[in-house]
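K.L.:
Supplied in structure tokens, the structure appears directly below.
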Amino acid sequence: MPTTETKTGAGFKAGVKDYRLTYYTPDYQVKETDILAAFRMTPQPGVPPEECGAAVAAESSTGTWTTVWTDGLTSLDRYKGRCYDLEPVPGEENQYIAYIAYPIDLFEEGSVTNLFTSIVGNVFGFKALRALRLEDLRIPPAYVKTFQGPPHGIQAERDRLNKYGRGLLGCTIKPKLGLSAKNYGRAVYECLRGGLDFTKDDENVNSQPFMRWRDRFLFVSEAIYKAQAETGEIKGHYLNATAPDCEEMYKRAECAKDFGVPIIMHDYLTGGFTANTSLATYCRDNGLLLHIHRAMHAVIDRQRNHGIHFRVLAKALRLSGGDHLHSGTVVGKLEGEREVTLGFVDLMRDDYIEKDRSRGIYFTQDWCSLPGTMPVASGGIHVWHMPALVEIFGDDACLQFGGGTLGHPWGNAPGAAANRVALEACTQARNEGRDLAREGGDVIRQACQWSPELAAACEVWKEIKFEFETIDTL
């Protein structure tokens, strides 16, 4: 057989790359179609930030650790990611924000899975980096338009429910695990007849031995119809369709559709973006609203220096599809700094959001009329929090009181009634021009005169506070 002679130096030179030579381009002019990322980097001691930024750009696009001869078979200049800016993080030693631009052609259209696999799939284990956090993404209009987004959106949900001019009220049924399907349905009925708009499966309620999913769907549907008949209002329950596989997930969604309920639920991080996008498509085609729980998010977003900020996860969900998304409360038991939370709440609801670093928004985002996702505030909230919640979130939010409903001393229905009275009192006071930040306590106390249920709730929870310093601040 003939032998092939390889001439070194003919066209390419083998060896380990200095990423800065190719992927650090401070003179680059960002294109309107580029996907932009802001990474918080903590380099290892002695590693220049330019090298780290270039390495992140390389590994999340066309690069590898060494020169390869196949580089000459394509246009690296067209397809490579570029670290185009670096800035030190104020008040932090050896931390930098690296801005990276990715050509749109690197990503499959309409695929959050591919977007995340490329940008965060492999770079977080780099030895040159002590820590890395994706703070924000700019999704360009050209890429946004390849997604269908939420199945219906905020306005379509209000039209379907015939509920306007106030926030929506929800409640997670407790105990989250251990109830039989029939007792679970009883709890749902009591909450809905008392005045709530929704009740909810907890994120880990799927199909366990004590309560199989079909039994739960049946008893909950019966509770919904009974409460609707008594109150004259449209009611719903977030039936969790999260399942071991997509075929089973579709089966549960179809059962909910057959029962005629308005909304189902999915755990989008544990279930995965591919499954979530598929379920959103099913809901859009079959007239179901889709509530999204963010179970597992804190594993990814809690640490200030490493992981992915929740604003990125929220943007990804809006692309993938969800009509509701848990967003934190600012005032309850779960993590959430006010300005940062308001920043990603706007990214979920609004169509055009300007860059505002004071709220953690690194890039201007244009959603091109993609439907909005309604934020869900839940976690350790009760009637005394209502003025702050109405003032912070406004009307286009779902306020979810689990223990704050079921913990009422008189039972579920009085607990629901207390929350409904508090919400309507605060909404009316705001509409009359009162300052809920200063007068909220007075508004609640005045409403207690007309609602013994609210008065009892106020007495029970008057001393309850969750006073811990937030970890994730600007």
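Numbering starts at 1 and runs along the chain as displayed.
Note: Cβ is positioned from N, Cα and C throughout, glycine not excepted.
I grabbed these lines from Swiss-Prot:
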MOD_RES   P2  N-acetylproline
MOD_RES   K13  N6,N6,N6-trimethyllysine
BINDING   N122, T172, K176, R294, H326, S378  substrate binding site
ACT_SITE  K174  active site, proton acceptor
MOD_RES   K200  N6-carboxylysine
BINDING   K200, D202, E203  Mg(2+) binding site
ACT_SITE  H293  active site, proton acceptor
K.L.:
Which of the recorded positions T172, K174, H293, R294 has its Cα nearest to the Cα of K200 (N6-carboxylysine)?
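P.N.:
Out of the listed candidates, the nearest Cα belongs to T172.
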K.L.:
How big is the substrate site in terms of the longest C-alpha to C-alpha distance among N122, T172, K176, R294, H326, S378, in angstrom?
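P.N.:
With N122, T172, K176, R294, H326, S378 as the binding residues for substrate, the largest Cα distance is 36 Å.
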K.L.:
Quick one: Cα separation, D202 (Mg(2+) binding site) versus K176 (substrate binding site), in Å?
P.N.:
6
K.L.:
Using the Cβ center of K200, D202, E203 as the Mg(2+) site position, which other residues in that chain lie within 8 Å, going by their Cβ?
P.N.:
T172, I173, K176, D201, N204, V205, Y238, N240, M265, H293
K.L.:
What is the separation, in Å, between the Cα atoms of K174 (active site, proton acceptor) and E203 (Mg(2+) binding site)?
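P.N.:
Cα-Cα distance, K174 (active site, proton acceptor) to E203 (Mg(2+) binding site): 12 Å.
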K.L.:
Any idea what the Cα distance is from H293 (active site, proton acceptor) over to H326 (substrate binding site), rounded to a whole Å?
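P.N.:
Pair distance, Cα basis, whole Å: 6 Å.
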K.L.:
Just jot down the residues in the same chain as E203 (Mg(2+) binding site), at least 6 apart in sequence, with C-beta under 8 A of its C-beta; none if empty.
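P.N.:
Set apart from E203 (Mg(2+) binding site) by at least 6 residues yet with Cβ under 8 Å, we have N240, T242, D267, T270, H293, A295.
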K.L.:
For R294 (substrate binding site), what residues in its own chain, 6 or more apart in sequence, show a Cβ-Cβ distance under 8 Å?
P.N.:
D267, Y268, L269, F310, L313, L317, L325, H326
K.L.:
State which of the following active-site residues has the fewest other Cβ atoms within 10 Å around its Cβ: K174, H293.
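P.N.:
Selected from the active-site residues K174, H293 on minimum Cβ neighbours within 10 Å: K174.
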K.L.:
Using a 10 Å radius around its CB, how many other CB atoms surround K176 (substrate binding site)?
P.N.:
14
K.L.:
Would you find the one among the recorded positions K200, H326 whose Cβ has the most company, meaning other Cβ atoms within 10 Å?
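P.N.:
The residue with the most neighbouring Cβ atoms within 10 Å is K200.
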K.L.:
Count, for each of the binding-site residues N122, S378, the other C-beta atoms lying within 10 angstroms of its own C-beta, and report the residue with the smallest count.
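P.N.:
Minimum Cβ neighbour count within 10 Å, taken over the binding-site residues N122, S378, occurs at N122.
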